[in-house]
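First the structure, in the form of C-alpha cells, and then the observations on it.
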Amino acid sequence: MGNTCRGSIGGKTFQGYTQPEDSSCSTNHNPSSGNSYSSSDNFSPTSNAQQNSNHKKEHSLSLVSPRKASMNRSGSNQAYYVMGHMTPNIRDLYTLGRKLGQGQFGTTYLCTENSTGAEYACKSISKRKLISKEDVEDVRREIQIMHHLSGHRNIVTIKGAYEDPLYVHIVMEICSGGELFDRIIQRGHYSERKAAELTKIIVGVVEACHSLGVMHRDLKPENFLLVNKDNDFSLKAIDFGLSVFFKPGQIFTDVVGSPYYVAPEVLLKHYGPEADVWTAGVILYILLSGVPPFWAETQQGIFDAVLKGHIDFDSDPWPLISESAKDLIRKMLCMQPSERLTAHEVLCHPWICENGVAPDRALDPAVLSRLKQFSAMNKLKKMALRVIAESLSEEEIAGLREMFKAMDTDSSGAITFDELKAGLRKYGSTLKDTEIRELMDAADVDNSGTIDYGEFIAATVHLNKLEREEHLMAAFQYFDKDGSGYITVDEVQQACIEHNMTDVYFEDIIREVDQDNDGRIDYGEFVAMMQKGNPCIGRRTMRNSLNLSMRDAPGAQ
C-alpha cells in the first residue's frame, strides 16, 4: 500500500491525512468547478456506481479546503443570460434522464439526444447560486475553455451549452468507467510501466492545455475519468472550472487548487502554467507510492511541507523504484518554476518514452500546425472555413480570440508579418522567415498584407468543426446563391470577389472538387472536399499533434 507510516490514499492509517482540519487557505470559490473543493461536490459525467463512492471519499482523502460559508465578493446576481445570448431549449434537443451526481451548484444527469439516441452527460448549474459577476464569468469561461480544447482524445468533449431561466446546461460526452482516484484506492499504487503510461496521458493533457494558452490549475486524480472501466488508459480530463486563459509571461496571484497538489509558487501568489507540471508530478508520486509527497495532519501543515519541498524517497516502496522515475519526479517537483521541466520535456524524459527513446524533434506549435494545414487548402475550402468561422459562437472561439490578441501586439486588429514571426517564435517555432512568409500569404486570403481577425480564426480553427452538419450546410448555402443545390463557376467567382481573392482560376476549383464531371459542385462533393485531408477527423482527433509551445515562451515557465 506504499508508505503506511505517513498515511495512505485510502486513509486507513492517518485520518489527519484524509481530512485536514485547518481551513485557513483562501482558495478560490468557483461555481463551475464540480470537484474543486470537495471530492463529494461532484459534477463528473459518470455512472451511478462512481457517484455512490463519494461518501467513501469523504472519509478517505479530502484533497481541498472546505468552502467558505460566506464569500467576500462584490457584485450583483447573475445576468439574465449567463452565456450572453439566447440558446436553443435543451429539452427540444435532449431528454434528461436519471441523476448521475449532485454538487453544491447543480446536478449531473444522463441525457439522450433526441435525434440520434446517443447518450451524454448534462451538467446543470443553478443560476440562482451564481451570486456575483465573477461567478457568471467563471461558468462562461469554463464553457469557452471546453470548446477551445475540444478535439483532444484525453479531454472530455463538449457537445453544447444551453441556458434557460433557471439553469446553464453543459452537455458533454459521458465517461462511465469511474475515477482515476478510485483506481488508485483499489490498487494502492501502480507498476512503473503503468504509472508511466498514465503520466504520459496526464502530462499530454497539460501540454495540450498550455499549447493552447490554457492553465488548468486543478489537476488531480478525481478530475480524470475513465471512458471504459476495463481500460485503465481511457482517461479523460473532465473539470475546467478553475482553468484560465493565459499569455506567455503572465503572472497569476489568486490561490486556487487543492492542498496536496498545489505548487509552492501558487501559495506565494506568483505563478504561471509551470504550476500544472508540479501538480502532475504530485500525481506521479501518488501513482507510484499510494501517498502524496507533501502530507500533514492540518491544511497549514500541508502548505508548510509544500513550501519546504522535501521529497521522501527513502520509505517503502521507493527503494524498489527506478532512479529514472525518481529523477523525473525531482525535475517535476523542482522548487524553482524556471528550472522545472516543461510538459513537453516531461514527455521526452526517458522514463516516459517508450523504450527510452525521446522524440527526435519538437512538435509543431498548434497555431503553426493549423496554418500549415490551411496553406495547403484550395481557395474554395479557405473561403468556406472563413464562412464557418464567422458562424461560430463566442464561446467556441474565445480561446482563439485570446491567442489573436496575444499576437496582435499593437492592438491594430490585424497581425503583421513581424507580429506573426515574433508570436510564432515566442511560442516555440523555429521556422525561417521565408517559411513564415509563405504561411502569412496563405492565411492572408484578401491579400491585404496582414492577417485580420476573421482570417486568423478561419486559419486556426480546429478542423473538428468541419464535422458538424449545420456548419457544412451553412457554408454550402453561402456559395449556392440561387439555392439550386449546386455551386457553379459563376458562384465561385462571385464568392472570390466578395473575399477580395485574386489570381483564382475558377474552372480549376470546380474541376478539383467536381467528382462526377458535370461542371458544378453538389453538396456531397462539397462535404468530401471539406473533410479531405483532415487528420483524424472525428472523435479520434488528437490535439497532441497540434502543440503550441506557449510553455517554452520566455517568462512563461
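The backbone N, Cα and C atoms fix where each Cβ goes, and this holds for glycine too.
Of the residues GLU396, GLU419, Swiss-Prot puts just one in the Ca(2+) 1 site with ASP408, ASP410, SER412: GLU419.
The stretch that Swiss-Prot tags with region 'Autoinhibitory domain', taken from the ranges 327-357, 358-388, 451-481, is 358-388. Sorting the binding-site residues GLN102, GLN104, THR108, SER448, THR450 by the number of other Cβ atoms within 10 Å puts THR108 first.
Note on proximity: among SER448, THR450, SER484, ASP514, GLU525, the binding-site residues of the record, the Cα nearest ASP410 (Ca(2+) 1 binding site) is that of THR450. Ranking the binding-site residues GLU419, ASP446, GLU525 by the distance of their Cα atoms from the Cα of ASP482 (Ca(2+) 3 binding site) places GLU525 first. Scoring each of the recorded positions (ASP218, GLU491, ASP514) by how many neighbouring Cβ atoms lie within 10 Å, the top position goes to ASP218. In the structure shown, across all protein chains, GLU419 is the one of the binding-site residues GLU419, ASP516, ASP518 with the greatest number of other Cβ atoms within 10 Å.
In three-state terms derived from DSSP, ASP410 (Ca(2+) 1 binding site) belongs to neither a helical nor a strand segment and is classed as coil. Annotation for GLU525 (Ca(2+) 4 binding site): same-chain Cβ neighbours under 8 Å, separated by at least 6 residues, are VAL513, ASP514, GLN515, ASP516.
For the domain 'EF-hand 2' (431-466), the DSSP-based tally of helix, strand and coil residues reads 23 helix, 2 strand, 11 coil.
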